[in-house]
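Asks: A single structure is presented below for examination.
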Amino acid sequence: MKFIVKLFPEIMMKSKPVRMRFTKMLETNIRNVLRKVDEEARVQRQWDKIMVRVPEDKPEMIERYAERLACIPGIAHVLQVRESTFESVDDIYQQTLALYKEELAGKTFCVRVKRSGKHEFNSIEVERYVGGGLNQFTEAAGVRLKNPDMTVNLEIDNEHLYLVEKRIDGLGGFPMATQEDVLSLISGGFDSGVSSFQFIKRGSRTHYCFFNLGGDQHEIGVKQVAYHLWQKYGESHKVKFISVPFDPVVQEILEKIDNGQMGVILKRMMMRAASRIAEKMGIQALVTGEAMGQVSSQTLTNLNVIDRSTDMLILRPLIVMDKQDIINMSREIGTEDFAKSIPEYCGVISQKPTVKAVMGKILAEEEKFSEDLIDRVVEAAEVIDIRDIAVSMDTKITETETVDAVSGGEVVVDIRSPEEEEQSPLSLNGIEVKCIPFFKLATQFADLDKEKTYLLYCDRGVMSKLQALYLQEQGYHNVKVYRPA
């Protein structure tokens, strides 16, 4: 079984040297991602596509390959194909008939052929010959060139015939690391998750900067969002997660700053701190999830005042997006459930926020801050490799045990999202399994029998460890992490 990876059209429009560089990077990215699924993954770059071969003795890996390829930036679409050779146009027809005869029954169809190489026929001739044969010798409802029930796709590359079994839409965008790095200010909400994704999709290694205003519970939730985005869409490259303890800044704002100016000044302080962190990392741009007019600090006047707190470029990919569109996109990329479970901390500190900040007043208020305040919080920032999020959680989960087997009386809690649970249900003979999505666990765990012990399960063990830590901080000690052998 093979996959033919088609490049995003914008890549094909580049000059030859740039296209070559982008294609090489995409090949490397695909190899890096797939070899975490299967060390025997074979990836081969060609001029206008990339071939991925699934080992013949591992048919069970086909779906996993497809899932990962669909989430790698730079791919327009992926064709899951059956490869063979052919001797004539009639041979092409006979092979197509054998594969599609039953599937065409009762359906209208058309045949589409893409051809490269030297042949005695052209693509239209193959379409007519194969289409006519299928129409005559199958129980299809007939040929329909526009909006058919089914399209039979064939690709001919010199002597090779590729019968397309499935077309998988890709993520689009540019290959990871073909653009410069950015530092995304992430709060865990709808906006920051989507804005981070936009830059991952566009080919930038996206590092995460979190300003902790809500304690460990808030940080745990945000780490889940960042890890999800990286693991699903940016796993080909390592990135950093930076947690900045912003309590001292918030405390001084509450004690010293005029109520109406608090929101704008908080954002300015965040930009200053993030800029210094970015400079240390050699990053030239910040990314935020701000959208014009969404909240009081996001009027054009206030955004202008916020931008003038730093010389660094501030990018806002969501600036003219509607909130519902942002929520819809968060649903598509898998961050909606995280965002629903994370409270918004930034909006609670100012009761009467200004919508038209005056720079003179802002500067006067900022004179009240301690001189070394930003230096102190930046110095105290924790920088970790995002791959080590699970490890960092392990060091904190001192009272929570990880087990690979279930003992009598223990209950397994599947905390995966409903979609993941539906795709691969967890079934354990003779063992009670409860399905409680991670975003409902905090509220529903209190309703469970306190006399029982609960083993949290997810595919990779990261989410279960994060949730175990969260529950432990809430005072629940009848919880373990379940990692089956």
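Every residue gets a Cβ built from N, Cα and C, even glycine.
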Asks: Report the candidate from Gly260, Gly289 that shares the ATP site with Leu185, Ile186, Lys267, Gln298, as recorded in Swiss-Prot.
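Replies: The candidate from Gly260, Gly289 that Swiss-Prot ties to ATP along with Leu185, Ile186, Lys267, Gln298 is Gly289.
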Asks: Near the Cβ of Cys458 (disulfide bond), how many other Cβ atoms are there if near means within 10 Å?
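Replies: Total other Cβ atoms inside 10 Å, all chains included: 23.
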Asks: Could you give the Cα-Cα distance between Leu185 (ATP binding site) and Cys458 (disulfide bond), in whole Å?
Replies: 27
Asks: How long is the line from the C-alpha of Lys267 (ATP binding site) to the C-alpha of Cys458 (disulfide bond), rounded to the nearest angstrom?
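Replies: So the alpha carbons of Lys267 (ATP binding site) and Cys458 (disulfide bond) sit roughly 36 Å from each other.
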Asks: Average pLDDT across the domain 'THUMP' (63-167)?
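Replies: Averaging the confidence scores along the domain 'THUMP' (63-167) gives 95.
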Asks: For each of the binding-site residues (Leu185, Ile186), count the other CB atoms lying within 10 A of its CB, then report the residue with the highest count.
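Replies: The largest 10 Å Cβ neighbour count belongs to Ile186.
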Asks: Rounded to the nearest Å, what's the C-alpha distance separating Ile186 (ATP binding site) and Cys458 (disulfide bond)? Just drop the number here, would you?
Replies: 24
Asks: Work out how many Å separate Gly289 (ATP binding site) and Cys458 (disulfide bond) at their Cα atoms, rounded off.
Replies: 29
